[in-house]
Amino acid sequence: RAEGSRPAEVHDGAAPAARPPAAQGAANLSRLSYLDTGDPQVAAVIAKVRKVIGKDIPVLITGETGTGKELLAQAIHNDSPRRDGPFVAVNCASIPETLIESELFGYEEGAFTGARRKGATGKLLQANGGTLFLDEIGDMPYPLQVRLLRVLQERIVNPLGSTKAIGVDIAIICATHRDLRDMIAQNRFREDLYYRLNGLVVRLPPLRDRTDLAVVVQKMLQRETLSGPGRRPLSVAPDVMALFERCAWPGNFRQLANLLRTAAAMVDDDCEIRCEHLPDDFFDDVRRDGAPAAQEACTAAPPAPLAAETPVLPAGDARLQDV
């Protein structure tokens, strides 16, 4: 069958969005312009992505775990003509191999033992009219890759237990921390699927290689800390920022977000994250063999005096878990 053609019995599928379009204010925080924080590598990625938005070119995002691949995918969607449609994210590594097929394609009632009454709509149809983000595509089971390839070629979905092919209109963005070419050589990833997914391949740098760490930290605190009358947003002491610059950040943004959230809970009154607020295991990741000395200096440092007019920031106001 020629690419793009449909069989005789094809029904246009319309499924409810799994993730409704974000409110305008929240969406502005997930736009490409917001992600451009001054690092040349990230700026180059954003410049390339902007050129293919709206042109039906698949995007493959590579990089270490926790480098913000889903944030970039969401920003691509929010800046695209499909922004009013759903953005559906699927982590291929987090779904058991026995369930991922029904999760993606959906199923009809009675398709298999334990199937829900009235069946279930799969992620592919939930993303109809919008964007499907397949995170950790390298972890997709090899046999299922054939079915995904057919969806990309023919734009149809066959739910399990159904004889009807349902037309689907989706943009595909994939991400992986694996070397897919190496997986192809090991017969663990299909070469034909790879060349379907790699229209534009971009790599997000790890946090330790970025030059915009101070801006990233500032934006995280501004975005996730509630501020209002009588309150001030959290800030980071200069010596703490110096330690951040020396940290290897093996967990990338997830590690940074958790560290800031923990440190924010330790802040008492002056709304400044200082050395004594940092968890002990953070110093294990500080580079240039300076961790013991840095931790000793932090432990010895006396707390800064509290100004009488300094407002109290409740620990519950720091909301970094969604970064």
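Each residue, glycine too, has its Cβ placed from N, Cα and C.
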With TrEMBL as the source, which of 1-23, 47-69, 208-230 is set down as region 'Disordered'? 1-23
Ranges in play 99-123, 174-198, 274-298, 299-323, with TrEMBL marking region 'Disordered' at 299-323
Across the domain 'Sigma-54 factor interaction' (35-265), what is the average pLDDT of the model, as a whole number? 90
